[in-house]
Amino acid sequence: MSALELHGVGFRYATRSALEDVSFNVPPGHFTALLGPNGAGKSTLIALLTRLYDLQQGDVSVYGCSLRQQPRLALRQLGVVFQQSTLDLDLSVEQNLRYHAALHGMPRKLTAARIDEELARQSLTERRRDKVRLLNGGHRRRVEIARALLHKPRLLLLDEASVGLDPASRLALNRHVRQLCRDEGLSVLWTTHLLDEVQADDDLLILDRGRLVAQGRAADLGGDDLAAAFERLTRREAA
Amino acid sequence: MSTPESAFGAASRLGPGAYWECLRGIVVREWLRFVQQRSRFLSALVRPLLWLLVFAAGFRAALGIAIIEPYDTYITYETYIVPGLACMILLFNGMQGSLSMVYDREMGSMRVLLTSPLPRGFLLCGKLLATALISLLQVYAFLAIAWFYGVQPPVAGLLAALPALLLVALLLSALGLLLSNGIRQLENFAGVMNFVIFPLFFLSSALYPLWKMREASEWLYWICALNPFSHAVELVRFALYERLNGLALAVCLGLTLVFAVLAVLSFNPQHAALRRAA
């Protein structure tokens, strides 16, 4: 069973189309990168996957649960890190995590154990009582990852999670998520517009102007030069 | 052996305990944010206090010499407008809270809320309830100051007003959410002030008794009498003096239910995004 399956997904804003007939699979336990220039439709896609927007065309399944038929079951299997930080800056790390656990209806005892576990894994145990405002960008992202994993989702969505981080933190975050994927068997969909976050072995999806223009193993798609392939695939027509 | 992990698998059903934890979590978060933002709390108190200490002082003799229900003696104007000002706090908070639920949602906290696997209607009502509970703290802080200023309803009345205030808070938040869902012009707070808050507040029994309005104009009287906010104010006014205003209660209960159902049904985060893109 695929971790995530999109079938003929289309979405229109009032006057323009944001996604057209997008279909792909994210295999379980893999790191899948969704690459696309700004405005390719990545954020719209994430908004559909997280049920901020309603599906207009096609369907999405998360581990076999259709967003149309069993949306709440689908959401339970999903952990999300949004592009813009969604943490309460004036609350502590732990308070933010508790809130998320409550939203998922987790019993308090289990919540406490899971928070200990996730904070230790993100090396944030020392910072648990600090206000999020005091944390740097890289650490805030880690809190968001800890939060996204609290309810033990099987699929982690990261929407341009590295935006706004300095190069070192960006690299560290990317490495960290890959490790989670390897160690925990977590399925990951990592959206980005930055080529250097994609590795040769990744499953790669390339989105451009609302269409999926390529999918496959990154090394197979790009050959020796992924950058050139990406540019070729997403080249804008001359005006 | 059953571990806590196995008790919370993705496949297990979310029972009543999950709903309780979720509601509790939403209220606790609202409380923590409230504690963090004390300056907002103080500034929310300034508005009704200005009305009470400045505006009402100037109108002290405005009521003339009538005794009106639920009061059993002559009252000062300050005493008269305290219930209306308490409801004004709820009106502002309800509108502000609901507006931010609709227009801030893409920015963060609403996105997090909406990824919860519990039903959306439950999440929205939980959020309305949490905002309402926090607003009550502001109302009681205001009533405490009014008490020291000399407006002293019976202590039992202050307790009896609690459920009335809670109902009014829910009514106004639900109305706010419904309006923000549906009306594009309400995207900013200035629009809400001009087209919702001021008309509801001024065309009600908050500042003047309805018989006074009738003396001025018959049609003005009828607008005020039909305004739901008048019923909200009267419900609270009567409760503060240990009386039950049955009509006001029925109107407030009924409208809260209707507004909440309509607000939940019409809540769709997509609308705001589509409008922006249009």
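The count begins at 1 with the first shown residue.
Cβ atoms here come from the backbone N, Cα and C positions, even for glycine.
According to TrEMBL, the features are:
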DOMAIN    B:39-270  domain 'ABC transmembrane type-2'
TRANSMEM  B:49-68  transmembrane segment
TRANSMEM  B:80-103  transmembrane segment
TRANSMEM  B:124-149  transmembrane segment
TRANSMEM  B:155-179  transmembrane segment
TRANSMEM  B:191-211  transmembrane segment
TRANSMEM  B:247-267  transmembrane segment
Given B:80-103, B:124-149, B:191-211, B:247-267, the one sharing the most C-beta pairs under 8 Å with the transmembrane segment (B:155-179) is B:80-103
Report the listed stretch (B:80-103, B:124-149, B:247-267) having the maximum count of Cβ pairs within less than 8 Å of the transmembrane segment (B:191-211).
B:80-103
Are there residues at least six beyond either end of the transmembrane segment (B:124-149) with Cβ under 8 Å to its Cβ atoms? List them, or say none.
22-23, 26-27, 29-31, 34, 41, 44-45, 48-49, 52-53, 78, 82, 85-86, 89-90, 93-94, 97-98, 101, 113, 158, 162, 165-166, 169-170, 173-174, 177, 260, 263-264, 267
